[in-house]
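**Q** Structure in structure tokens, see below.
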Amino acid sequence: LSVPPEIPKEDGRPKWDNKFQYILSCIGFAVGLGNVWRFPYLCQIHGGGAFLIPYFIALLFEGIPLLYLELALGQCLRKGSIGAWNTISPYLGGVGVGSWMVSVLVSLYYNTVLTWVMWYFINSFQEPLPWSVCPLNENRTGLNKECYESTAVNYFWYRKTLNITPDVTESGTLQWWLILCLATCWAIVYLCTIRGIETTGKAIYVTAIFPYLVLTIFLIQGLTLPGATDGLAYLFTPNLSTLKNPRVWLDAATQIFFSLSLAFGGLIAFSSYNPPKNDCEKDAVTVAVVNSLTSLYASIPVFSVLGFKATTGYWDCLDRNIISIINEFDLPEESIMRQNYTTWISFLNSSYPEKIAGLKLKSCDFQEFLDQSVSGTGLAFIIFTQAIILMPGSQAWAILFFIMLFSLGLSSMFGNIEGVFTPLLELRIISKSIPKELLSGIICLISFLIALCFTLGSGSYWIDIFDRYAGSLPLLVIAFFEVIGVVYVYKIKRFSKDVKRMTGRNLNLYWQITWRFISPLLLLIVFVAFVVLQIQKSPSYAAWNPKYEGFPMKEEKVYPPWVLAICVLLAILPCVFVPLVALFQLIKRMRRSKEPSFVPPEVFSCQGANG
Amino acid sequence: YTWDANEEYLFKAMVAFAMRKYSRKSTTQISNVLLCNVTDRVSFWFVVTDSSKNVTTVPGSEVEAAIRMNRNRINSAFLLSDKTLQFLKITSTLSPPVEPSTPVWLIVFGVVLCLIVAAIVFLVVAGIQQRKKKNKESTERENLEEKGEVTVENGIPCEALDLKAGHVNGVFAADDERFTSL
């Protein structure tokens, strides 16, 4: 009689090599481009340090509870999003399908943003950087007109990279250089996700840790730049009066929600590969806290660099004025310096006002330079690239910066692709004989072909549309149904028993209250506020039109009706699966109940779902 | 450096040099270049006289052309550039940005793409080889089971139980006999 000791139950499910890989994957998924280019912007426009208050409140009552819910769910049921929600209740299967749909839509456009990053990266090896000089016009008499009127950086972004059309309805042609970069990006994604978490688990060591290294380097470099302290002071000076504006609270709630990448199904997929007895409570708190701290950490170098850029812009403005004044009044060199500029200007204005007026000096206001706040792609590809030109050794800084952005985006892409890949693997439609490599190859190939639309001239307008409509509203709906589903359909008592089996602890009061009341309520409020704000103004977009009178300002245009229809479709499509599947299951059940051999559906629980 | 009479002398010399090179006569002397209205800003007017033609001034267009031809020599004499040494009414011609024959980005792109394709091919081939090996092993084991050479219990071959994964319980295995004798 010999009893074999714990040979693990072979259910054929892949698992993480170690716990660190799992935590790193979750952190990499949560920490993305938004931490670098959206959080600092929100801090800036919502009163600096004061924004941290609604941000941490939202983290406490919305972010961490929802994150714990998803991780516990995946670990308990050990299935991807579609399978997990089908297990919870057949009526809630639509939640899983909705998650899957959102992951598909977001993967499509997110990789195109990485394409732009890659394009800038491979252009950073040139000396001088191609976005620092304007090309000449055709007859070599002067600079290219579009470039001259805006700036070289703007020109490189809008013309050389995007080749943007003036209107969303004009599609333009496919840009071959973007197609090459898109193919490369999808090849990289395929390479890293070729065998599911076996390969992403190895790749994540690099893509999740490297951005922190680069952020530290930029932090050190940024703090040594002139004007960095002004930028930081501007960012962090709290202005508590902004807290009265409900918009601030809404932005904090949405930022936490989207920053943690909830409701994509990727987190459920990641935790489904865990061993059943894993402390997911500690994991959830760790991931959420690291994500927020990363946002804060990233905003320091971003704002040092922005402060530096504002300072150099201000100094350039001053220098140009000083040269004109010195030329006009024939004063000796270095008589007017930046420090005594204001005294000189007031003196000259009182003594020779007509001459000063004739010079047409531009008013240099430092605050105005600092106030130019941008978020999103504008921050990375226009503002930051301009600042990099001014730093010594700009090639190295550009290369580092774009590799960092690429790693940040790639680790988020892993989560998105897992959210698509894992449920497909579990569907019985896909037979076991298709090797994983082939399935991931097919997914990447189809996504590449669809994403070719984003390489058209109007591609960036479409990406904005996808980002605003597919990547925002459906997530709120799905998350709301997630919480309601687990707490009220699956019943929280059952879930706490499952959680106790996994973590060894009871659900304490904080989780009970947030799961039962606070988080669903918060989600509902945020959803309603979001919809109301969207409906209030007719959706418009800013177009880059060289023929516009106010060029280089962007032209405000309204979406034509067919584009609006697509926006609504994108927002509704994932959400509509929730009632659709419920209805479908109801009809199936009613039809089955008419037959005499009606068997009541089995009661699923975590124990039953294992193995 | 400070602007003094020596620098003015150098300037006159450079202008004379430019005029000589342009018109190819060796008659222009330093004394032909006259500076006036020198200000603290270091800005002044200058004229070039022609000593052979009754002390008249050389036309401005000739002077302009001469200076334009030798602009970079004049600049480097003073360690200045087009921006810091300005001749009013003489615009500098713009030099086109350097364009290498193959765009640099294509080269980098080629390198990156080759690396990625190589890695993908390697992983796919490794996966296929692993699958073939696993298939061969499982068919071998099935053959052995059919022949009865390997007993399997609970899906685990007994050899593995005996040798590696199992523990022999000393209490029951007294006398080194693991199986009861018949």
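Quick reminder: no glycine exception, Cβ is built from N, Cα and C everywhere.
Pasting the relevant annotations from TrEMBL:
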- A:Gly28, A:Ala30, A:Val31, A:Asn35, A:Ser259, A:Asn291, A:Leu408, A:Ser412: Na(+) binding site (BINDING)
- A:20-37: transmembrane segment (TRANSMEM)
- A:49-69: transmembrane segment (TRANSMEM)
- A:90-110: transmembrane segment (TRANSMEM)
- A:174-192: transmembrane segment (TRANSMEM)
- A:204-228: transmembrane segment (TRANSMEM)
- A:248-270: transmembrane segment (TRANSMEM)
- A:396-417: transmembrane segment (TRANSMEM)
- A:438-463: transmembrane segment (TRANSMEM)
- A:469-492: transmembrane segment (TRANSMEM)
- A:513-535: transmembrane segment (TRANSMEM)
- A:562-584: transmembrane segment (TRANSMEM)
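A description of the local structural setting of each listed feature is requested, covering burial, neighbours and distances.
**A** Residue environment of A:Ser259 (Na(+) binding site) contains 24 other Cβ atoms, counted within 10 Å of its Cβ in all protein chains. DSSP assigns A:Ser259 (Na(+) binding site) to a helical segment in the three-state reduction.
Residues 42-43, 236-240, 242-243, 248-249, 252-253, 255-257, 259-260, 262-263, 267, 280-281, 284-285, 287-288, 292, 296, 479, 482-483, 486, 511, 514-515, 518-519, 522-523 of the same chain sit 6 or more residues outside the transmembrane segment (A:49-69) yet have a Cβ under 8 Å from a Cβ within it.
Remote same-chain residues near the transmembrane segment (A:90-110) are listed as 80-84, 263-266, 268, 409, 412-413, 416-417, 419-420, 423, 447, 450-451, 454, 462-463, 466-467, 470-471, 474-475, 477-478, 481-482, 485, 489, 570, 573-575, 577-582, 585-586, 601 (criterion: CB distance under 8 Å, separation of at least six residues from the stretch ends).
Cβ atoms under 8 Å from those of the transmembrane segment (A:248-270) belong to residues 22, 25-26, 29-30, 32, 34-35, 38-39, 42, 46-47, 51, 54-55, 57-59, 62-63, 66-67, 70-71, 73-74, 80-82, 84, 96, 99-100, 102-103, 106, 197, 242, 287-288, 291-292, 295, 412, 415-416, 418-419, 421-423, 471-472, 474-476, 478-479, 482, 522, 526, 529-530, 533 of the same chain, restricted to positions at least 6 beyond its ends.
Under 8 Å from some Cβ of the transmembrane segment (A:438-463) lie the Cβ atoms of residues 104, 107-109, 111-113, 115, 162-165, 167-175, 178-179, 182-183, 186-187, 189-190, 193-196, 377, 417, 420-421, 424-425, 430, 541, 543, all in the same chain and six or more residues away from its ends.
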**Q** Could you check if the transmembrane segment (A:174-192) is in contact with the transmembrane segment (A:396-417), meaning 3+ Cβ pairs under 8 Å among residue pairs at least 6 apart in sequence?
**A** yes
**Q** Just counting, how many other CB atoms are there within 10 A of the CB of A:Asn291 (Na(+) binding site)?
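**A** Around the Cβ of A:Asn291 (Na(+) binding site), 23 other Cβ atoms lie within 10 Å.
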**Q** For Na(+), what surrounds A:Gly28, A:Ala30, A:Val31, A:Asn35, A:Ser259, A:Asn291, A:Leu408, A:Ser412 with a Cβ no more than 8 Å from their Cβ centroid?
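**A** So the additional residues around the site are A:Ile27, A:Phe29, A:Gly32, A:Gly34, A:Ser261, A:Thr294, A:Ser411.
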**Q** Residues sitting near the transmembrane segment (A:469-492): Cβ under 8 Å, six or more positions beyond its termini, same chain?
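**A** Hits for the transmembrane segment (A:469-492): 66, 69-70, 73, 85, 88-89, 91-92, 95, 98-99, 101-102, 105-106, 109, 254, 257-258, 262-264, 507, 512, 515-516, 519-520, 523-524, 526-527, 530-531, 534, 567-568, 570-575, 578.
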**Q** Can you give me the same-chain residues 6 or more apart in sequence from A:Val31 (Na(+) binding site) with a CB-CB distance under 8 Å?
**A** A:Ala208, A:Pro211, A:Val290, A:Asn291, A:Thr294, A:Leu408, A:Ser411, A:Ser412
**Q** In which DSSP state, out of helix, strand and coil, do we find A:Leu408 (Na(+) binding site)?
**A** helix
